[in-house]
Structure formats: C-alpha cells, structure tokens
Amino acid sequence: MRRWRPADLLFWGGLALVTLVLSLASKQIGVATGWKWLTKFPKGWELHADRAISAAMKWLVEDAALGPLRFRDLTRLLSALVEAPYFVLRDFLIDGFQIGQGQQAVPVLPHVSWLVVVLGFGLLAHRAGGFRLAALVVASFLYLLLFGLWESAMVTLASVAIAVPLGVGLGILLGIAAFRFRWVDMALRPVLDLMQTVPVFAYLVPILFLFGFGAMSALVATIIYAMPPMVRITTLGLRGVPEEIVEAGRMSGCTPRQNLWKVRLPAARGMLMVGVNQVIMLTLNMVIIASMIGAGGLGYQVLTALRKLDVGAGVEAGFGIVILAVALDRLSQAIARRSPAVPAEGGWIARHPRSLALLAVLLVSYPLGALLPALNSFPESWQLSTGSFWQEVISWINLNLYDQIEAVKVFALTWVLVPVKLFLLGIPWVWGLVLAFAIPAKIGGWRLGLMGLAMASFIAASGLWPEAMITLYLCGVSVVIAMLIGVPLGVWAGQNAQANAVLTLVIDTLQTLPTFIYLIPVVMLFRVGDFSAMIAVVLYAVVPAVRYAAHGIRSIDSQLVEAGLVSGCTPRQLLWKVKLPLAMPSILLGLNQTIMLALSMLVITALVGTRDLGQEVYIALTKANVGKGVVAGLAVAFLAIMSDRIITAAVNRKRGEDHA
Amino acid sequence: MEQPIILECRNVWKLYGAQADSFLQTHGMQPTPEALRRANIVSAVRNVDVTIRKGEIFVIMGLSGSGKSTLVRCLARLIDSTAGEIRFEGRDLLAMSGPELIALRRHKMGMVFQHFALLPHLTALENAAFPLEVQGIDRKTRLERAMQVMELVGLKGRENRYPHELSGGQQQRVGIARSLIVEPDLWFLDEPFSALDPLIRREMQDELLRLQARLHKTIVFITHDFDEAIRLADRIAVMRDGAIVQTATPEELVLNPADDYVAEFTQHIPRAKVVRLGTAAKPLGPGPFAGDLTASLRVAEAADRIEAADLPFRVLAADGAPMGQIDGRTVIDILIGREVAR
C-alpha cells in the first residue's frame, strides 16, 4: 500500500480546508466586500453559445445548400432510404401491406401471423443454440403475446432490426477507417467521447429539426447512441489480432485489402460479436427515449404508463423490453459462438429443413388466418395482466410502511443530501475554476489541468454553474452510495460462486431494464425530489461497481493468492493485503463506469423534478430549444469526460507506481 | 558440385529507434555497439551476411533476443531492413514493388509460424487452402489441392475440424500444409516446434526430415534449441546480439567453435552424433580391413559395427576412393570424448 507523502497530504488537506472555508463563508465575503460576482457568475460575461448553436441549426435546416442540393433535401433523401426497409418490415410484422394512402388505402396482405414469428425465432434459436435457447426465445415471445404487448413489440422489433445492422455496419466501417488511417482515429476519438457522454436528450432536438418527428429521427438517435462501442471495439479488435496471423496472411500472398477482409476482420470475429451484442443492448436501452420522438412500440407503452403513473402497465411493458433484450442478446451470442457447421450432404431441400418448414407455415398461415382470426391476432380474451397486482403492492407499501420510508428519506435529506448540496453550491465559482485546474493537474499533469479549466470555464460562461454543482452533488452522493453497496457485493461475488450466480442474475436484470423503469416504483414510493432521483441513480449505477469489483477479484493470479496463503495470511489479511490492492485498478475502472451511468441516469431523473443540468436539457427538449439543449448536454458531457480522464490518470499512475 | 544460390544477403542491418536510417549513414555503415547504445538505438540485426543454397536446410540458431526472428522477417521482407542487400534467386528483393512481392509469396515462398497462426474461422482444410483462395482459385480445385497436402502432412480425416479442436502438433501440421500448398521454392520455418511438448517436438522433427527427403525444399529454419539445430541442419548460423557469430556445418561447429559463446553450446553435444567417419578417419594403413564404410556416415551410426569387428574399416569418400581407416579405439575415443579428433 502506498504511503502518503507529506507534500501530497499538505496539498489535498489544504485544498479541502480552503474549499470548506470558502464554501461556508462565500456569502459573507461577498456581502462584506461587495463583490457580487464572487457568488454569482455575472450575466454580462456569459458566452451565449446556445444562441449561436440555435442560429447555426436554423441556417443548416433552412438555408444550407451544396450547389442545387439543399441540406434539407439530403436529410429527406436519407430518411426515405432508411425508412423504406423499416416500413416494409413493419408492414410485414404488424401493420399489413396496403396500397394507397389514408382513407383510400386498400389492404393487400395482412400482417404475418404471430405463430409464424414465434416459430421463426424458435427455429433460428434451435439452430443456433439448441433446445434450451429455443425454449427461452419462445417463452419470451409468449410473454409478449400473453400480456398484450405483441403489436408494440413487433414495432420495436422492426426498428431494432433496422437500427442494429446499420449501427453495426457503420461502426465496423468507421472502426476500420480509424484502424487504417491515424488521422481518422485522432479525429474520431473526441467525437466518440462526446457521443457516449452527451445525454441523449441533448441531441434529440437537433435530430428532430433535421429529420422531423417519426421513425427516422428515432433511428438516427438510436444509432448515434448505440454505435460508438462498435467503432471502438472494431478498432481494438483489428489491432489485437496477433502479429503472426497477419504475417501468415501476408506470406500467403494476400494483398493489403485481402489481408484486412480475409485475415484481420475474421480473426477479430470474437471481439466484433461483443460489439454487436453491445449495439443490440444499447438499441433496446434507447427504445423508450426513441419513442419520445416517434418510434412507437414498447417504449411508447412505458412512456404513457409513466405519464399516467400506471405501475402495472409500466412494469409489464418494461419487462417486455427486458425480455426482448435478453432473448435477442442470447440469440446473438449463440450465433456468434456457433462454429459454422460442416455443410450437410444432399440437395438444397435436405440441407434446409427448418427454412422450408417455416416457409410452408408462412404460406399456409395467410389463408388460415383469414378463416381463424385467433391465428392472425392473438385473442384478447387469452391475455393476462398483472397491473392490478403491482398497483396493490404499491398501495400496501404506502399504507403500511409510509412512516418508515418517510423517516429514511428525511434522515438522508437532512444529514447527507442537503449538507452536500449546500457545501457544493457555496463554493464560489472562481475557486471552483481553481479546483477544476488543480485537482486534474495534480493527478494527471498540467495538460489535464488546462482541459479541466477550459471545460469548467465553458460551464461557468454558459451560466450553468449552479446546475452543474447540483449535478455534481447528486452524482457524487449517488456514486459514493453505489460504490459502498457495490464494491462489497462485488468482492463477495468474486470469492463465492453461489453469490456470484445470484448477483449476476440481479445485475444483468438491472442493466437490461430501461432506465425509465426505475423511475416508476421510486416515484410511487418516495414521490418526486432529489431523494427519489438518488435512489434511481444508485439502482442503475451500482451495476458496474459490483461487476468490476467481482472481475478484479476473480482475475487475480491464483499464484499470488496461494503465495499469501503460504505466508500465513488469515482470510481477512488475504482480502485486505493481497486481493483488494491487486483488484484496485479494476475497482477504479468500475468507479469510472459508475460515474458514467450515474450521469446518464441523472438526466433522465429530470423527469422526477431535480434542478440540475439534466433538467436544463429536458426543458430545452420540451421547448425544442436546440442551443440550450446542446450547451447543457455538453456541460454534462464535460463532467463525464473530466471524471473519466482523472480516474484513468489515477489508474495509470497507480499502475506506474506498482511497476516502479 | 555446388548447388545454385537461392537466397543471399549482404550487410543486412535492422535498427529500431529514432532516426535509425540516417544513423547508419552518418556512422559509415559500421557503427560500434557503443555508438548505438549512446544513440539509444536497438540493433536487432547487425551486419548479417547469409548465403543459402538450393536444397539445404539452413538453421539460424540463437537465444531469445538474438535477432533471429527479426532476421528471418527481413529475409522474407515481412519487415524492411534498415540497410543491406537481399537477393532472392538473383533478384533484388528489397527493390520489389508490392504486387511483385505478393506474386513472389503466392508462388515461391512459404512460412510456418511459432504459434501456428491459423485463421480461427476456417476449418483445417480451408486454412490449408487459404493461399490458393487469395489467389482467386475456385473452391473445388483449391480444396482438392488442400486435401493432397493434408494427406502429405498426415492429417487425413481431420480436414473439417476447426483449429481450436486440434492439438498443438496437429495445428502445426495444418500450418505446414498451408505453407506447402503453393509448392514454394523457399520455405521459412520460424521456431515451428518451440511451442510444442518435447515428445511431439521430436516427432515433428522426424516428420520434417521425412518431408524434406521427399520434397527437397530450400529451408530456412529458426530455432533457439541447439539440439534441434544439430539434428536438422545442413548448415547452422549461430546468432548473438543481432550478429552472426559463426556459420558452419554441425560437425565444424562442434569441432571448431569460433569462440567461447559457440563452444558453450557445443560442449554438451555428443561428438559421435555429429562427427562423420571422414573426419574421424586415420591415415589409411596396409590392411587387412573388416569392410568399407562411407565417409558421410556419423560415428554414432557406425559405432556398433566398428567396435564389433577386430579389424579396422576402410573409409570411402563420396566418389568411392578410399580416404582413410577407422578402428574401435578411435570410435571409443570419440564416444567418451577422450580426445578431440582431427
């Protein structure tokens, strides 16, 4: 374990002390000296980047042109290209094919029977992963049928089916470009950082301006959100191909192009499938937000339920998303793992029994569906609902546990949330800028310090300082609590296989649950406010804390543990003196992820009435104010990027010390 | 009768570090190790000359970090050397354009890698057929050809396995099949057996000798294992710190190591397994003789017969002319290392 050097101790201690004093006394100092600007950023100094961005957006949409081709035409063309397959798929799955528009529409072919869809996915799952997977997939689709979510689910499925290949394809192409050309890599890095840290709400408005309300906007937003990991993983995967394999390709006489497409890319297949999996999960994560700008589907069900505070419907539709996500996730993983089988003997018919059977059922289902309506649309009388059950659970809790919950809430507010909030808000922004330079500079060098200073200055100059402080406070408290809960659980799971099995299930579920779902029960139990926001954030952000801690403990070289044992460590000493120090880099990475998730969840908790940057973004969204949304979104992104850089620098420094 | 030269390189350097190229020029192409160290430049290959003749097994032997892998990559032009001249069948390898180099590799060169370097998404058969695939040869033809080489390396019946379903030895057989499918003139083997268990390694060495007896390739074989080098080589180049210390036949190496470094390797090698009768023979006496033995036989191979006979054997040169005689006493001297022959 590292000893504190006196100089470090002095630096951090002094910084904390000065900050505390300034925070407590800033009001008095401001009054005594008459320097109003000390506590409040002067209006006259504001940058008004938001207005410039709004104006630029307006110009882009209304006037921008490249020769005869106007920018707006370009986006419309793009929309048409992407929407065409989407609508064909939607017609096939749920809407039915029609000729003509609106009232004159003549139905040509009804939508496909639910039986065919279930059967199709079941057979695919069986081919990819055997009976167990097929059973899981069929059960998932049956859930959607039984709870009356079929139509919404099919709409969601159609958009996933378009967004995932697009996101994966674009991601791979960009990843290859970044791999081939250094300048692309350099240019893409900050863009990807922003794409992953700017809250989705911030770019919904510009997208709406460009593509209008509807499926296209939803698809674009989804792809922006889901693609970055694919780009990164592609570049990483291509770089990670063993040099020998590449040399084998060259010695086999590959041209550079062949070496990329036939050697590197297939050799990186495992990594690429991790990326595909990520894209699928993120796409489903976006389903609810996408429904705000016209995606419809399961997300829309959750959103309406949330607006009506209808717990039952919200939970059912939310689980629908989770179940769809889990089914597609397992399916894609099974397809990735399956080594391509040896082609069977015989003709085409003998080799494709499943495809043929499905085709036959498809053809038969259309005439049969006309005779049997139940085949066409799952009858309502067969459907279930647990809505009233959830409602009753909440009511019961509210009736019987109200005092206890209230006591916890008041305690947390009085002793934790409010003091931290006041402390952070009390720090004069000038000193805040000093801190924004000093802390990163101390940990990661003066360049990082300058970056922190620049980003903090941008936030201050946009007039968002108090909002940023509230974000920091909510995020900070939630992250600390999430780490306090998550790390011990992770350490436990890392050492105990049974605990690991249970916890993995729980955190997998927590992670696949769309962020919005957290809000429903939290609001029902704790009503709106900072405390509810904190609970929702902790629930969502605890996942990486657990996961990375468990991973860190598990990936310790067993020889080192054995070395500790033969040195006579008690289990307790083994944990504190061997395992935890070795797992520390991994735990810090978990902290990093926890902060990222907390920030992204915070924006969504704006819906339950916080007063932070997320609220600014959300207000901008409801007022369709491009500039304001983008600026507030950038502010959130800057907080995220800075915390990421600081932690990365700390991890690197720690590793450097360990090796030195 | 000297065989024609296949690969020849002169004054090859490979330096890593800032401004490695200009560094060589400013130091008159002969920088001292001290100068290199001062400039913070790593010399992976230093001023290497190699001549490889048709049909021989040329082994480059050196410990890890001696630069042998870098040298073989320079010879195959997988990496560009910093300075020097490399000629393949008389053509300047370093002057070749990208397409020329690709054409060369598609028809004249093959390479086997230490960690097999098989493509994980292809079956063993498809891996072996890969060089033909990139040439654009149709699937049926190339898989038929691949079947033939798979049979040659003794992997018939496992064509449709994926690399991860094969043992290390089997994977390397696939690697060998892949490198042989284009019928290369020059065959690079970069520590092909180092990643295998000792028993399998020995088996694969025998397999290589069997293949070579059939195919008569020109082989450049890299190893860090001196025993392996002795077993396989027609000639050995011993490398140390990027430079070649000595190039010689195994016999010369054992009998006349150029310096203490080489002697360190050779002193544990049983002489009888290396020394040939022609070298060990004493001047021809009046006879009578127990029989005739060819000069190229190793002492260990003929020891039983020589010791069992009461009379000495006559040693015949390659053209059949008697060149000396050998008796049991000489053989025993060599076997127990009592006295260095010659």
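Glycine too: its Cβ is placed from the backbone N, Cα and C atoms.
Where the annotation comes from TrEMBL, it is an automatic prediction and has not been curated.
Quick caveat, the model's predicted, so the values are computed rather than measured.
The transmembrane segment annotation in TrEMBL covers A:131-150 (among others). Residues 94, 114, 117-118, 121-125, 298, 301, 316-317, 319-320, 323-324, 326-327, 330-331, 334, 377-378, 380, 382-386 of the same chain lie 6 or more positions beyond the ends of the transmembrane segment (A:131-150) yet place their CB under 8 Å from a CB of it.
Per TrEMBL, the feature domain 'ABC transmembrane type-1' maps to A:149-332 (among others).
With a cut-off of 8 Å between Cβ atoms, the residues of this chain six or more beyond the transmembrane segment (A:157-181) that come close are 82, 85-86, 89-90, 93-94, 188, 215, 218-219, 222-223, 226-235, 237-239, 260, 265, 272, 275-276, 279-280, 283-284, 287, 290, 295, 297, 324, 328. The annotation transmembrane segment is assigned in TrEMBL to A:157-181 (among others).
With a threshold of 8 Å between CB atoms, the same-chain residues lying at least 6 positions outside the transmembrane segment (A:201-226) that come near it are 57, 60-61, 72, 75, 78-79, 82-83, 86-87, 159, 162-164, 166-167, 170, 195, 278-279, 282-283, 285-286, 289-296, 603, 606, 614, 617-618, 620-621, 624-626, 629-630, 632-634, 636. Taken from TrEMBL, the feature transmembrane segment applies to A:201-226 (among others).
Residues 149, 152-153, 155-156, 159-160, 163-164, 167-168, 171, 200-201, 204, 207-208, 213-215, 217-219, 221-222, 225-227, 229-230, 313-314, 317-318, 320-321, 324-325, 328-329, 332, 511-512, 514-517 of the same chain lie 6+ residues outside the transmembrane segment (A:279-303) yet bring a C-beta within less than 8 angstroms of a C-beta in it. According to TrEMBL, the transmembrane segment annotation covers A:279-303 (among others).
Taken from TrEMBL, the feature transmembrane segment applies to A:356-375 (among others). Distant neighbours of the transmembrane segment (A:356-375): 109-110, 112-116, 119-120, 123, 349; these residues of the same chain sit at least 6 beyond its ends, with a Cβ under 8 Å from one of its Cβ atoms.
Look at TrEMBL and you will find A:422-441 (among others) tagged as transmembrane segment. Same-chain neighbours of the transmembrane segment (A:422-441): 15, 18-20, 22-24, 26-27, 29-30, 38-39, 41, 448-453, 455-457, 460, 465-466, 469-470, 472-473, 476, 642, 645-646, 649, counting only residues six or more beyond its ends whose CB sits under 8 Å from a CB of the stretch.
Among the features that TrEMBL reports, transmembrane segment is placed at A:448-465 (among others). Sequence-remote contacts of a segment are chain residues at least 6 beyond its ends whose Cβ falls under 8 Å from one of its Cβ atoms, and for the transmembrane segment (A:448-465) they are 41, 43, 45-47, 49-50, 429, 432-433, 436-442, 613, 616, 631-632, 634-635, 638, 641-642, 645-646, 649.
Here TrEMBL flags A:468-647 (among others) as domain 'ABC transmembrane type-1'.
TrEMBL lists A:471-494 (among others) with the feature transmembrane segment.
Residues or ranges marked as transmembrane segment in TrEMBL: A:501-525 (among others). Panel annotation: around the transmembrane segment (A:501-525), residues 281, 284-285, 287-289, 299, 302-303, 305-306, 309, 311, 314-315, 318, 321-322, 325-326, 329, 394, 397-398, 405, 489-490, 492-493, 532, 535-536, 539-540, 542-543, 546-547, 550, 600-601, 604-605, 607-608 of the same chain, lying at least six beyond its termini, place a Cβ under 8 Å from a Cβ of the stretch.
Tertiary neighbourhood of the transmembrane segment (A:531-550): same-chain residues 409, 412-413, 417, 474-475, 477-479, 481-483, 485-487, 489-491, 493-494, 500, 503, 507, 510-511, 515, 518-519, 522-523, 583, 586-587, 589-591, 593-595, 597-598, 601-602, 604-605, 608-610, selected by CB-CB distance under 8 Å and a gap of 6+ residues from either end. Under the heading transmembrane segment, TrEMBL lists A:531-550 (among others).
Away from its own ends, the transmembrane segment (A:587-609) comes close to residues 196-197, 199-201, 306, 471, 474-475, 478-479, 482-483, 486-487, 490, 515-516, 518-519, 522-523, 528-529, 532-533, 536-537, 540-549, 552, 580, 615, 617-618, 636, 639-640, 643-644, 647-648, 650-651, 654 of its chain (Cβ-Cβ under 8 Å, at least six residues beyond either end). What TrEMBL lists as transmembrane segment is A:587-609 (among others).
Nonlocal intrachain contacts for the transmembrane segment (A:629-647), taken as residues 6+ away from its ends with a CB within less than 8 angstroms of a stretch CB, comprise 49-50, 53, 193-194, 197-199, 201-206, 436, 439-440, 443-444, 448, 451-452, 455-456, 458-459, 462, 464, 467-468, 471-472, 475, 588-589, 591-592, 595-596, 599, 602-603, 613-614, 616-617, 620-621. Marked as transmembrane segment by TrEMBL: A:629-647 (among others).
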Problem - Long-range neighbours of the transmembrane segment (A:471-494), counting only residues six or more past its ends (CB under 8 A) - result: 416-417, 420-421, 424-425, 500, 503-504, 530, 533-534, 537-538, 541-554, 575, 579-580, 583, 587, 590-591, 594-595, 598-599, 602, 605, 610, 612-614, 636, 639
